[in-house]
Amino acid sequence: MSNGSSITQFILLAFADMRELQLLHFWLFLGIYLSAFLGNGLIITTIACDHHLHTPMYFLLLNLSVLDLGCFSTTVPIAMANSLWNTRAISYSGCAAQVFFFVFLMSAEYIFLTIMAYDRYVAICKPLHYGTLLGSRACVHMAAAAWGSGFLNAVLQTSNTFSIPLCQVNAVDQFFCEILHILKLSCSDAYLREAGLLVFILCLAFGCFVFIVVSYVQIFRAVLRIPSEQGRHKVFSTCLPHLAVVSMFVSTAIFAYVKPPSISSPSLDFVVAVLYSVVPPAVNPLIYSMRNKELKDVLRKLMTGIFSEAA
């Protein structure tokens, strides 16, 4: 195929060849999807319904949960449908839409994780200036910047990816349309052009990562100066969940994009893609709710009220 215009569909990677294993993957992904949908939905509902949680930290967490739901819904339902109906095809326009929304939501989520690190830094290291630096207007502006940056990145990445000529077959060695695997179908000169944009994006991502690391270095230095063990525990209970999410998200995504070609394989690429695109949205609600007493208390009251009215 000489160019992308002659391609009407892409063939995605099958989870398995055996019908029984395909159905097993469907039920497994369905369970994960429903759990992620329920967990993130409860966080969104709890924060939206209780005015005590209308603070910058929970406002950012609400946005993160919305992004998790969107990112999860971009890739998993199509993979589930392919496993259930024993198909592997996705249309050209459907693949482009999947790339756009996946990049958009993942980019915005990463920026929100960076903003959340800044929120924790200000709250712990500059508490007297918290209301000034992270007021409601500042939070709205940062949220708008995160969504807008993610949208701009998605437009750039999608337009560049699907404007290059494709010289190989239309089989994508991944369970969703991932840019790196689409680039493998392109001509060598076009691949280098798109790779330059990817390097630029990776540099920006690395800059955000450095900002997060520096923020937490300052946070832990401040925590060690807190005389009360209870005070240190309270700080850690709000910081460790965010740090765990960032570590899992960044480490798997970086490995997916910079791992040496010599160790690349379809099975490894599949596992890494699941780790950075499926696992974080599924476990984020669990990570944040388990160590957040305030969120758990409000959720418990909300559920108690719902069951009381039902009875």
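Our numbering is plain: 1 for the first residue shown, then up by one each step along the chain.
Every residue gets a Cβ built from N, Cα and C, even glycine.
If you look up TrEMBL, you'll see 39-288 marked as domain 'G-protein coupled receptors family 1 profile'. The transmembrane segment annotation in TrEMBL covers 26-48, 60-79, 99-118, 138-156, 195-217, 238-258, 270-290.
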Cβ-based contact of the transmembrane segment (238-258) with the transmembrane segment (60-79), 3 or more pairs under 8 Å: no
Surrounding residues of the transmembrane segment (195-217) on its own chain - C-beta under 8 Å, 6+ positions past either end: 110-111, 113-114, 117-118, 120-121, 153, 156-157, 160, 179-180, 183, 239, 243, 246, 250, 253-254, 257-258
Arithmetic mean of per-residue pLDDT over the domain 'G-protein coupled receptors family 1 profile' (39-288): 82
Residues from the same chain, set at least six apart from the ends of the transmembrane segment (26-48), whose C-beta lies under 8 A from its own: 54, 58-59, 61-62, 65-66, 68-69, 72, 76-77, 79-80, 83-84, 278, 281-282, 284-286, 288-289, 295, 298-299, 302
Long-range neighbours of the transmembrane segment (270-290), counting only residues six or more past its ends (CB under 8 A): 13, 29, 32, 35-36, 39-40, 42-43, 61, 64-65, 68-69, 71-72, 75-76, 102, 106, 174-176, 178, 241, 244-245, 248-249, 252-253, 255-256, 259, 296, 299
